[in-house]
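Some notes on the structure that comes next.
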Amino acid sequence: MKHKPNTSTTGTTGTVVLSAWATLLVGAMTWALFAGPGEFAMRDMVVLDHPLLTHASLGMGTLPGRNAPQDAVLAIVGQVIPATWFVRALMVASAAAGAFGAVRLASLSDDPPSLLRSAASMTVAVANPFVVERLLQGHWSLVVAAWLLPVVAWLGLSARTGWLIVAVWVCSLTPTGALAAVAIALATHRRWQVWVAGVLACAPWAVTGLLHAGGGTSSRSAVEAFAPRAEEHVGTLGAIVGLGGIWNADAVPASRSSGFAIAGVLLFLLLLCAVRRVPRPLLWLAAAGFAVALTGWLAPQVLGWVVETIPGGGLLRDSQKWLILAIPAYVAAAGLLPRVLAGAALALCLLQTHDAPAELAVLRPVTVAIPNVETTGFVEFVDRPTLIARGDGIPVVDPATKAYNVIESGELTVDGVLVDKPAETTIEPNVIVYPDGHVERTDAPAPPTPWLGLVLLALWAATPLLVLSLRPARRSARP
């Protein structure tokens, strides 16, 4: 059923105020990306100006394609413009779209919009703890999806198929974003075009992942290591309902660790006042997100079995990230509150992560040092760690993996515990780089062209055009 938005407005003044508020929110979340020259290297976020189109970026490397098609897109864009500027533009545009989508999602109700309701829904969409913590972990493409999910929900509920497919496509830069966006799109707008778009959007990592079936490195210990984490004064359950609780304590704003997570719990209780008015599909999706996060916390053995035995199950090991499914319901609820409660919700949302702009300073561009190796073949770095420490001590995923076809083991240690064992591979290196800088070239054959990965990437890139071209033409009115 198509929901018709309430088209009444708060007037020109209200539009100006909301636009200014959206600008402030977007600026607070993304300002550090523009704080000087350099490239991005912060924990899991490594974006070079001109990355290489590697086998791994196409999902055809030694490990499942967890960064497909994201890394391949950056590599192709980097041939034209610095990929770092593409990421900047995409993140700002996504945050702005999230603010707009929040207002439109709230406008689907019968109540006339108000500044407080609109501002509250915008704030919940753009500056929630999930977004802040994931940015601090370096999950920039997941944050792009989180910002766009309210847009996906609005487009689905208002039956705007064309733009819905485009929004799902952008979210699909990362596997989790793809699955979340497809789930919301199908829950709100069941059309065959959405099914087709969902299949094509997931193809780059899903198809190549099947080729790695049985070769993944996730385990029950990984599920336990990445389980939701308790926060000060609210515990694990309070952290979850506040959309926080990321596994890495170093990726949590100081405010959340000093008791301000209580504001997130109070915000959740306020939003419950509007839960009956939230579209039912969004509530079911929120429940699904909570179920995954709670299972990772209370029954890690269940998710452990899934990630160890089911192809693609490794996507569930970081169970807290599936709270992303609850964001549209939270945003809708904030826009449906009575005006007085909407003002309180706005204040609580700001209070729970009030130090976010300062904490996000770690996203500033930095100078990235990469070994100089002249080859496009497979490279083996002997005794090179998976994580490299920045000058300020923050660990970063090895930037060399974005510049060369690195043979990755997949080994991962968290807090001194081995959570991912090294993966077996039959790939022979063309170049071996030793810790002292010595480079040895081997007689291994040149890497084959990853045609499957290239075809899947091309299909992904053409998804909006392919799907929309299949839409039946509207019949002209009879005279």
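Note that Cβ sites are derived from N, Cα and C of the backbone, with glycine treated the same way.
Summarising the annotation, TrEMBL assigns transmembrane segment to 12-34 (among others).
Only residues 6 or more beyond the boundaries of the transmembrane segment (85-103), in the same chain, are considered here, and those with a CB under 8 A from a CB of the stretch are 18, 22, 25-26, 29-30, 33-34, 40, 47, 74, 77-78, 113, 118, 121-122, 124-126, 140, 143-144, 146-155, 170, 331, 334-335. As annotated by TrEMBL, transmembrane segment applies to 85-103 (among others).
Non-local neighbours of the transmembrane segment (138-157) in the same chain are 2-3, 40, 42-47, 70, 87, 90-91, 94-95, 97-98, 100-102, 104-105, 108, 121, 125-126, 130-131, 163-164, 167-168, 170-171, 173-174, 176-178, 180-181, 184-185, 187-189, 279, 282, 321, 324-325, 327-328, 331-332, 397; each lies 6+ residues outside the stretch with a CB under 8 Å from one of its CB atoms. According to TrEMBL, the feature transmembrane segment maps to 138-157 (among others).
Residues or ranges marked as transmembrane segment by TrEMBL: 164-186 (among others). Remote same-chain partners of the transmembrane segment (164-186), defined as residues 6 or more beyond its termini with a Cβ less than 8 Å from a stretch Cβ, comprise 66-70, 73, 90, 94, 139, 141-142, 144-146, 148-149, 151-153, 155-156, 193-195, 197-198, 201-202, 205-206, 281-282, 285, 288, 315, 321-322, 324-325, 328, 460, 463-464, 467-468.
A Cβ distance under 8 Å defines the sequence-distant neighbours of the transmembrane segment (192-213), meaning residues of its chain 6+ beyond its ends; these are 58-60, 63-66, 68-69, 72, 161, 164-165, 168-169, 171-172, 175, 178-179, 181-182, 185-186, 311-312, 452-453, 456-457, 459-460, 463-464, 466-468, 470-471. As annotated by TrEMBL, transmembrane segment applies to 192-213 (among others).
According to TrEMBL, the transmembrane segment annotation covers 258-275 (among others).
Long-range contacts of the transmembrane segment (282-303) within the same chain: residues 153, 183-184, 187-188, 220, 223-224, 226-228, 236, 240-241, 245, 275, 313, 316-320, 322-326, 328-330, 332, each at least 6 residues beyond the stretch ends and with a Cβ under 8 Å from a Cβ of the stretch. If you look up TrEMBL, you'll see 282-303 (among others) marked as transmembrane segment.
Under the heading transmembrane segment, TrEMBL lists 323-351 (among others).
Per TrEMBL, transmembrane segment is recorded for 451-470 (among others).
In summary, the transmembrane segment (258-275) does not lie against the transmembrane segment (12-34): fewer than three C-beta pairs, each 6 or more positions apart in sequence, are under 8 Å.
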